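Student: Questions regarding the structure given below will be posed in turn.
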Amino acid sequence: MDGQGGSSGLAKSAAVKLSEMGQRTKQLGTAMRDPHRQRRIILVIVCVALLLDNMLYMVIVPIIPDYLADLESEQSEHVHVVLHPNTSAANSTSQDKSNKNNLDVQIGVLFASKAILQLIVNPLSGTFIDRVGYDIPLLIGLTVMFVSTCIFAFAENYATLFVARSLQGLGSAFADTSGLAMIADKYTEEAERTRALGIALAFISFGSLVAPPFGGILYEFVGKRVPFIALACICLADGILLLTVIKPFSNRTRENMPVGTPIYRLMIDPYIAVVAGALTVCNIPLAFLEPTIANWMESTMHSSQWEMGLTWLPAFVPHVFGVYITVKLAAQHPHLQWFYGAVGMVIIGASSCTVPACKTFGQLIAPLCGICFGIALVDTALLPTLAFLVDMRHSSVYGSIYAIADISYSVAYAMGPIVAGQIVHNLGFVQLNLGMGLVNVLYAPALLLLRNVCQMKPSHSERDNLLEEAPQGLYDTIKMEERRAKKKGYSSAGNCLSVDENGFDPFRAQRSLSEESSGPEFT
């Protein structure tokens, strides 16, 4: 009897636990369906993807040059012993210099290959994202990044490393663009969108600045494969979370998705062109200094390896502070976004000009922190502005516009590893920094062209005024098209909502009303 009573009690206890687990699972499923909670999880997924991409971009900085040098020395020694066993010491020294120059070219091409392929693929990926949505391209990007990371881990020659680096550029063209576009789509209020994109930028900064010491330490103590295997595992976990939360292959009516504005039309929009130019110019100092500053530090201030490895790490703090202060200022004075970007470019220019004057590692930290602080101001102010420009002047689909932003970054980082070394060799490190600083300062007044656009920013999303329910991101435009069909082109307020060749534009009616009071717009 006691045995039966005990087994009965265990069965009841197990049934209670199963019931509790079922209730928790149900609650979790309900929470996943809540749009506000779901978009927070989406923000986490996107931020992890951006973190991974930038860690993969920078983790090879302390690993690949040393690894390729070892491969080169092994191959040259083997060839030298077999083909030239009696070569003199002078000829051997000349051959070593030639090999070093060849190695520098190989490293520069390898580093730039990611940005170059990203630059080529982005126009196609932006159009693809506009057509199919944001979730499937993000999954494609994570999958390609996972494959490229695994190839990096097990590659044993230059050709395989080049393929892995190029694949990373392909994955970034999908993951970065769709991730930023998804954030802009889910966070429709200007203040929320700026805050969410600021968080994403903080993850980008963290990945870029932490990856070199992370990769260098692991490479030194446990070998080349471990850093890449660790990043591959994180990438796999992020992909599984994406499949679980967003369910990109679930049934949905994709044929009813709104038509995004073609990327070539966005590129010729004067406002968008100004923003894209600013994003390229402000990132040139960082892109050009990363491949050149280590050699300059070694030759001028005789820095140690750990100092060169930690050069950019202190800059993470001012970058995050720049993101934070810009988000706060944008919430209080949203019409001054152009001004925050201009101030950032002036700070970048001044900091870049002072880099060559530094004589010690401690002095160098200050201008590098200034460069990263200025970049934070520009990126945090202008990335949300791109989404707003699309909302106001085009169709509210964000794949192509953030493909343009990614192209802007890729232009700087494609030129950096190849062009910067040549400029230093032909003109000098001082001239390189003065030129970059001058370009940033001279470009800052161009952001005055954005002043009128930013003054039109509403305090609340226009979509809240046009929809009875809360906005749901990309599919707001679908709902507004359905409402237009039902009400024959009239909103609840009686204002005609026009439809152009690029899809439905919910802001055209509002803009036509505002023109009467604010005067003609710059087009």
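Each residue, glycine too, has its Cβ placed from N, Cα and C.
Feature table excerpt (TrEMBL):
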DOMAIN    42-523  domain 'Major facilitator superfamily (MFS) profile'
TRANSMEM  41-64  transmembrane segment
TRANSMEM  136-155  transmembrane segment
TRANSMEM  196-219  transmembrane segment
TRANSMEM  225-246  transmembrane segment
TRANSMEM  266-289  transmembrane segment
TRANSMEM  309-327  transmembrane segment
TRANSMEM  339-358  transmembrane segment
TRANSMEM  364-389  transmembrane segment
TRANSMEM  401-424  transmembrane segment
TRANSMEM  430-450  transmembrane segment
Student: Between the transmembrane segment (41-64) and the transmembrane segment (225-246), are there at least three Cβ pairs closer than 8 Å, leaving out pairs fewer than 6 positions apart?
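Tutor: Stretch pair touches.
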Student: Who are the long-range neighbours of the transmembrane segment (430-450) in its own chain, taking Cβ under 8 Å and residues 6 or more past its ends?
Tutor: 270-271, 274-275, 277-278, 281-282, 284-285, 288-289, 292, 337-339, 341-343, 345-346, 348-353, 355-356, 374, 385, 420, 423-424, 522
Student: What average pLDDT is reported by the model for the domain 'Major facilitator superfamily (MFS) profile' (42-523)?
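Tutor: So the average pLDDT across the domain 'Major facilitator superfamily (MFS) profile' (42-523) works out to 79.
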Student: With a Cβ cut-off under 8 Å, give me the same-chain residues at least six positions beyond the ends of the transmembrane segment (401-424) that come close to it.
Tutor: 104, 107-109, 111-112, 114-116, 118-119, 122-123, 125-127, 129, 172-173, 176-177, 180-181, 184, 263, 266-267, 272, 276-277, 279-281, 283-284, 286-292, 295-296, 383, 386-387, 389-390, 394, 431-432, 435
Student: Counting only CB pairs under 8 A, let me know which of 225-246, 266-289, 309-327, 339-358 has the most with the transmembrane segment (196-219).
Tutor: 309-327
Student: Take the transmembrane segment (339-358) and find every residue of the same chain, 6 or more past its ends, with a Cβ under 8 Å from one of its Cβ atoms.
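Tutor: Distal contacts: 278, 281-282, 285, 289, 293, 301, 322, 326, 329-330, 364, 366-371, 373-378, 380-382, 429-430, 433-434, 436-441, 443-445, 447-448, 450.
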